């Protein structure tokens, strides 16, 4: 997955804490064990610092996963790491909710918080 695709723009209100929620209800990847497609919803909540994520570039970043064989847990952590690196938010949470396979669903949530220096 090419994280260089992710673009950001300047936050006009860097002195204010506010939350941005981004939802992608059509995320797809491939199960690395079976080769079958996985479908899920990705929710990103973050409090920006100096920059915000540009949505068109994020869409193309998410499409990078479409043919990738990768486990749910790895997808969730990879997205968090890549988005934190791109926009350096104050706080961010990535939640992935996966459609049922064999009658079982899975939700993975991972968070980041910028340390006070």
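Any Cβ shown, glycine's included, is placed from N, Cα and C.
Listed in Swiss-Prot for this protein:
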type	residues	note
ACT_SITE	31	active site, thioimide intermediate
ACT_SITE	38	active site, proton donor
BINDING	53, 54, 55, 72, 73	substrate binding site
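The structure, with features from Swiss-Prot marked on it.
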{"residue": "31", "record": "active site, thioimide intermediate", "DSSP class": "coil"}
{"residue": "38", "record": "active site, proton donor", "DSSP class": "strand"}
{"residue": "53", "record": "substrate binding site", "DSSP class": "strand"}
{"residue": "72", "record": "substrate binding site", "DSSP class": "helix"}
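Of all residue pairs in 53, 54, 55, 72, 73, the annotated binders of substrate, the farthest apart have Cα atoms separated by 24 Å.
Taking CA atoms as the reference points, the residue listed as 'active site, thioimide intermediate' and the residue listed as 'active site, proton donor' are 6 Å apart. Residue 31 (active site, thioimide intermediate) counts 14 other C-beta atoms within 10 Å of its own C-beta, drawing on all protein chains shown. Distance from the CA of residue 72 (substrate binding site) to the CA of the residue listed as 'active site, proton donor' is 9 Å. Neighbour density for residue 55 (substrate binding site): within 10 A of its CB lie 12 other CB atoms from the protein chains shown. Taking a C-beta cut-off of under 8 Å and a sequence gap of six or more, residue 72 (substrate binding site) has these contacts in its own chain: 38, 40, 96, 98, 106, 108.
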